[in-house]
Amino acid sequence: MLDRITNFHNGSFLFIFALIIAYFFAIYLGDPLLLSGTSIAVDAAITIFLFIALKRAGVLNSYWIYVLLALGFWVVADVLLMFYDRLNFVSKNVSNRTFMQILFLVPFLMFFTSFVGLFTSGLKKVSWQQLIADTLVIIFIVSSFLWFSIFHMSFNVAFDKKYLLNLAYISIDTLLLCAVFTTFFLLRSRKRHRGLFLYLLATLFICGCDAYYSIKPYFGLGGADIHYESLFKIAFFIIFLASLHLIENEANIKIRLFRRDFQRVLLEKVAFLLILCCITLGTTNTDQIYSSWIVFLLMTLLIYSAITYNISYSQMIKRLSLEEKTIIKKLDREIKDSLRELEEKNERLRQLSEFDSLTGLLNRQSFLSKLSEMIKTKALGEKIDIYSIDINHFKAINDSYGHYVGDEVLLKLSKNIKAILPEGAIISRFGGDDFMIVLKQKNEGHYREFLYYLLNILAEQISVGDYKIALGAKVGVSSTQTSEILADDLIMQAGAALDAAKRDVNTKYVFYDDIKEIIQEKNYIEILLNSMNFDEEFSLNFQPQYLLNGKKIIGAEALIRWNSPVKGFVSPAKFIPVAEQSSIINTIGIWVAKEAIRQMSYWNKKYGISLKVGINISPKQVDNVNFASDIFGYVEEFGMDPKCVDIELTEASLVNAEEIMQTVLKKFSDKGMSISIDDFGTGFSSMNYIKKYPLDRLKIAKELVDNIAINEIDRDVVKSVMTLAKNIELKTIAEGVEDETQLEILRELGCDEIQGYFWGKPMNAKDFEELIRSTLD
């Protein structure tokens, strides 16, 4: 509470507090004029600040306006009272005294009216039966107190004209007590409506004090005095504190419609009423406490408890009945919604189980099922053609234009393809940008005619919004005239044809029949690789590498050779690509590294030299977690100087798996091994990866060196590579140098090292050792 005051209303709080101190100081001094002035100042200041607080909280049109009017009338009455006191009107004239008593009654009526306004705002939500019961029980308890203790069971005393105004004050105090009692137990959140709670406390204080001073004259004692006024100043100060806690929706009181713990609420109410009964009994002389009074109080509490319990119980039954109906309606609605949702999901699942969600084409599973059915029901003489389609560089479309545009391209492309499909054809999206088409036809030439239309459709521009996107595609075609083939095998054949088309930049389509022998040979090579003895069938050749100036041998590139007892000599160009498609490339790579390090270490030790050996590394080897540690193990095992090991990688391998590649190459570099980029200038040449990796040497591709003497563009490319290398302090070595002209041009361009047939062909270990001896001689 104080935190709220300190933060938001410290000025007004300190001002009112200072006035109250001044008021009590005036009481101490006993100066009537000063006392009247400070009293009016306190009441007026509280009224003004209450008005400001109500305006700031936006609740001027709520029940709080009557509280403001009550304080305003009190200020007016205070001013008139001071005026009459100064002129001694009140003491001289009984009618003036009566007028002042009636005037001071108006604020009490305003306080009561504020509660009427409070109930009116939530009237529909209040239980009238409970409201009447709460009001009557308070009235009965107070009336019994008045009848037995004050009126001495005499109507003459009760309605004595001399005490009619006192009776009026007591009556309004009783009504205020009823209002406080009912409001307190109707509040849903007392913490949330702290301002209202303080107002209830102030009202309880006001009606209690006023009732006490209204009863005193019945015992021949004086009425209102300076203590009476002081107590009211405290009550008004509590109202002022209540104004500091007003919130914007203060007027929207939350009524307790029903509480399941109504038994606890009933106990709280009975406890409050018992306290009230004890107060009435405690303020009465023992000789005036009658057993009939006590019995009346107990009967009143008992009857009130029974009525309240019945009202609450009936409300609970009604509420539970409404809740039951609501739950039943909700369950019915939920059941209907669930059934409808289940039907929609079943339909959706059926769609998902058969069709692609984006294009509406058959999905893979449905396509396989229908293809199998087509194969089984194929008539004699019919042929089934399957077309496997892959859109060129579709990832670039997604990256450049966004996935929304990419999806629209696929959707429109699928519609375009469907438009040219002959009757009975089926089409499927296999995922991503892959499509499958199946035709069943008798005419041998129909499939080529359809392929022509298909390639034209695939090459058409597709418009998506403001974008016009040019497409291209590769197609793999497989055919069968037998009904014994499996659908998966036919799809696999089309996929193999598609892979072949994707590898050939000059071809848009490939027929499986045209590459069948090549694929069979690859499969045969793979079988041989998996069953061979490496030490017996593999060998290493070494192609020397020289300093261009001085023709000093500096090392050699280790090149694997395979002499199969079944197939004879197999070119690396044939078996290396096959090996790279399986995990056997890791085993081959480790064998090459071990043999190359062992052999070169032997020669370096034997002849006291420091020749480097270049070891070609496949990207798959880098992915192997043991790859680097295996290389380091061989270097240590054979006592090889790490500086004499040169790791050679292609440009393409650097582009993929950058994070892993950076980690592995850094390990090699930290050990002192050099790193070379093989075939530089033919692939993804980029400054990005040159800066990312710890490189030592660029190997200029043979394709560039071949035409260096006759093609000016190739010569300029080589020159640019060498300039780049010098600027970033990398050495250059030219591969495939085969004549004097190429050599001189490379010398002129500033090449550091060369490798090629002109100075040295690949040779076996024995011949390379002879070369070493000859250079030493």
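Each Cβ is built from the backbone N, Cα and C atoms, and glycine gets one as well.
A quick note: this is a predicted structure, and the numbers were derived from the prediction, not measured.
Database features (TrEMBL):
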type: TRANSMEM; residues: 12-29; note: transmembrane segment
type: TRANSMEM; residues: 35-54; note: transmembrane segment
type: TRANSMEM; residues: 63-84; note: transmembrane segment
type: TRANSMEM; residues: 99-119; note: transmembrane segment
type: TRANSMEM; residues: 131-151; note: transmembrane segment
type: TRANSMEM; residues: 163-187; note: transmembrane segment
type: TRANSMEM; residues: 196-215; note: transmembrane segment
type: TRANSMEM; residues: 227-246; note: transmembrane segment
type: TRANSMEM; residues: 290-311; note: transmembrane segment
type: COILED; residues: 328-355; note: coiled coil
type: DOMAIN; residues: 382-514; note: domain 'GGDEF'
type: DOMAIN; residues: 521-776; note: domain 'EAL'
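Cβ atoms under 8 Å from those of the transmembrane segment (99-119) belong to residues 62-67, 69-71, 73-74, 76-77, 80-81, 84, 90, 126, 131, 165, 168-169, 172-173, 175-176, 179, 183, 203, 206, 210, 253 of the same chain, restricted to positions at least 6 beyond its ends. Taking Cβ pairs closer than 8 Å, the transmembrane segment (63-84) reaches residues 36-37, 39-40, 43-44, 46-47, 50-51, 54, 90, 96, 100, 103-104, 106-108, 110-111, 113-118, 121, 199, 236, 239, 246, 250-251 in its own chain, all 6 or more past its ends. Contact between the transmembrane segment (12-29) and the transmembrane segment (227-246) holds: at least three of their C-beta pairs are under 8 Å, each pair 6 or more apart in sequence. Helix, strand and coil counts under DSSP for the domain 'GGDEF' (382-514) come to 60 helix, 40 strand, 33 coil. Across the coiled coil (328-355), the prediction's mean pLDDT works out to 83.
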